[in-house]
Amino acid sequence: MASHNENDDIPMLPISDPSSRTRARAFTSRSRSVSLSNPTSSIEGFDTSTVVLGYTGPLRTQRRPPLVQMSGPLTSTRKHEPLFLPHPSSDSVGVSSQPERYPSFAALEHKNSSEDEFVLKHANLLRSGQLGMCNDPYCTTCPSYYNRKAAQIPTSRVSALFDSTFHNALYDDAKGWARRFASSVNRYLPGIMNPHAKEVQTWTKFFALSCLLAIFIDPLFFFLIKVQEQNKCIMIDWPMTKAFVAVRSVTDVIFTMNILLQFRLAYVARESTVVGAGQLVSHPKKIALHYLKGKFFLDLFIVMPLPQILILWIIPAHLGASGANYAKNLLRAAVLFQYIPKLYRLLPFLAGQTPTGFIFESAWANFVINLLTFMLAGHVVGSCWYLFGLQRVNQCLRNACGNFGRECQDLIDCGNGNSSVLVRATWKDNASANACFQEDGFPYGIYLKAVNLTNHSNLFTRYSYSLFWGFQQISTLAGNQVPSYFLGEVFFTMGIIGLGLLLFALLIGNMQNFLQALGKRNLEMTLRRRDVEQWMSHRRLPDGIRRRVREAERFNWAATRGVNEELLFENMPDDLQRDIRRHLFKFLKKVRIFSLMDEPILDAIRERLKQRTYIGSSTVLHRGGLVEKMVFIVRGEMESIGEDGSVLPLYEGDVCGEELLTWCLERSSVNPDGTRIRMPSKGLLSSRNVRCVTNVEAFSLSVADLEDVTSLFSRFLRSHRVQGAIRYDSPYWRLRAARQIQVAWRYRRRRLHRLCTPQSSYSL
């Protein structure tokens, strides 16, 4: 009588139930390498998610019957997971067996740890919801897997994990009332935002327009001061002053909001922008330090409300209504002192260019921006001409006051009411003061037209004529102006000439070069599109294929920027090419067999990598077809669909067609006695369909290149380490081991059943 063991009642590899259903769970590890496989089995954790496992065809050795070679993955980050094929039961004849599902604590733990790692890495962006997502379908900076993962992970889990991890570090358990208040306020603040989010891009365009308004508004403060020819004095237009101060305050508020936005806006690390890829830095502390070390203090100086403080507080409180003359000098100093840094900071936005790319991409938009820049130069020159002309009128009145013989300095300010009516009437009739408003009364030079303009009551008229004068002088390089002997006037004329030359040399030349370069690229694209359209029309391709061809051409242009990297490498030294390829193709070492190879072999492989682009819904490999290349995904998402319908997603850093490497290595392998293993010339067949979910940038390695490398370095393949890695990572040997275990266990069950049957009959 055989003893009844408890473990014998529970089969180690039970027969799969035909009614069971499996679902393929997406791998969350970013370091895996998954490729094509045979009908897969799965291991199910307590969360009912399944782990998809793939298989490959046989690794042929000597004295083996011929088998059809199938494709499957070589490497996986999941270790110690049993692989097996579902075995149909006796009572399920004629019904296709379903993959078996088994509880696995390791799978559940690995899933949770992988998702937690993703959540911790991108917790700040995930908390922001839509503001943390990239809305650019042709983005070459943000990781394309982010949006999909962000949609799969619930916000509640993100918040809980983020709060438990970062709350103590950020707020020190909120021991003080200030920290508790900051902790409560932080819940209502927006999270870290993606620079490519739709809302952020809309704000950037709005901020660019507000920068244009801010640059135009500052010189307008000069037109608030005018001359009263009747009273021979200078005054401030206080009603218009309040309107200008309000507009300037609005632009300052917008700029302040943009400063606050920079502390919540993720940025792309420069060192990560390789092969079109980029890593978004979303840690709040790193973002704050990056901005503080950058242009924070310059932005803080620009946003300081100096004109508002002068007009609303300093002039009324200390100078009173008679402060027009002093206001002129203070405004000139404050506006010009703050205007130069503002131009340096805001002109890139005015040009439509930011660290994340162009704001206005069309040629006409850039043409309008360059035209507005030319208008800005005329606006600044005309405003300064009006201010300096007003200063020359003030100087003429001061000279007339010196010849007046009485204390009349206060009379130059219209708001002064301390002087008697008789003295003011005498000042009005002074011949020297009246001569200041005549053409030959004072050497005004280039400011002669500004004399009568300063006493015009209509502000729009004063500004329009000044703008016209500025345009005229920039366009003619001040060729029709002859300055007087006043040094300030001479230097101002020289500045106009230099600015005009600079605009023609840089702005006009830059606009011309930009239009020519843009036209050249557009011409190339237009010619290529025309050739493609003519070819498709000649071949009478259907509309669906034509649409895919157009999308492929567009994405290929967006991915390569019209630059052929192979042509760039041709004129570079060999060592420089090798170093560049080592830097670009670091993902090769994610494949386990490649990680065991020496650098010379990897360099030979890197030289043979070719850049490929695929559009969404493109088929990379199909079931029953030959596996002719290995594809390394750089950006985008693919999915591998098995024969049983299981779906396996592939992201950046993954590889499809990796079994091709083992197939080529086996063809170059040797037996322990040193003889070469004979392999048939038939190619490797794929058992899965691999298609693109999104647009994909990748590098491919053809089977001919792999065979070339293995033939060149065949000596290296005799290493026991490489041979062991080939057999360890081979899905065929794993499949064979799983089958042997299943056969042995079924044999043991039958023996136990035979031993238990006589005992049961005897007991009855």
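For all residues, glycine too, the Cβ spot is worked out from N, Cα and C.
Look at the topological domains in Swiss-Prot: ILE192 and LYS285 end up on the same side of the membrane. Which of 1-40, 41-80 counts as region 'Disordered' depends on Swiss-Prot, and there it is 1-40. Here the transmembrane segment (205-225) has long-range neighbours at 234-237, 240-241, 244, 247-248, 251-252, 254-255, 258, 307, 311, 324, 327-328, 331-332, 335, 338-339, 342-343, 346, 349-350, 352, 359-360, 372, 376, 379-380, 383-384, 386-387, 390, 459, 462-463, 466, meaning same-chain residues at least 6 beyond its ends whose C-beta is under 8 angstroms from one of its own. Stretch with the largest number of CB pairs closer than 8 A to the transmembrane segment (489-509), among 243-263, 296-316, 330-350, 367-387: 367-387. Sequence-distant contacts of the topological domain 'Lumenal' (226-242) (same chain, at least 6 residues past either end, Cβ-Cβ under 8 Å): 311, 315, 323-325, 327-328, 390, 393-394, 397, 400, 411-415, 424, 427-428, 430, 433-434, 436-437, 454-457, 459, 462. Highest Cβ pair count under 8 Å relative to the transmembrane segment (330-350), across stretches 243-263, 296-316, 367-387: 296-316. Ranking the binding-site residues GLY653, GLY683 by how many Cβ atoms sit within 10 Å of each one's Cβ puts GLY653 at the top. For MET638 (nucleoside 3',5'-cyclic phosphate binding site), the same-chain residues 6+ apart in sequence whose C-beta sits under 8 angstroms from its C-beta are VAL620, PRO649, LEU650, ASP654, CYS656, VAL690, ARG691, CYS692, VAL693, VAL696. ARG623 (nucleoside 3',5'-cyclic phosphate binding site) falls within neither a helix nor a strand when secondary structure is assigned with DSSP, and so counts as coil. When pLDDT values are averaged over the topological domain 'Stromal' (26-204), the model yields 49.
ARG623 (nucleoside 3',5'-cyclic phosphate binding site): 16 other CB atoms within 10 A of its CB, across all protein chains. Secondary structure of the topological domain 'Lumenal' (226-242) per DSSP, as helix, strand and coil residue counts: 5 helix, 7 strand, 5 coil.
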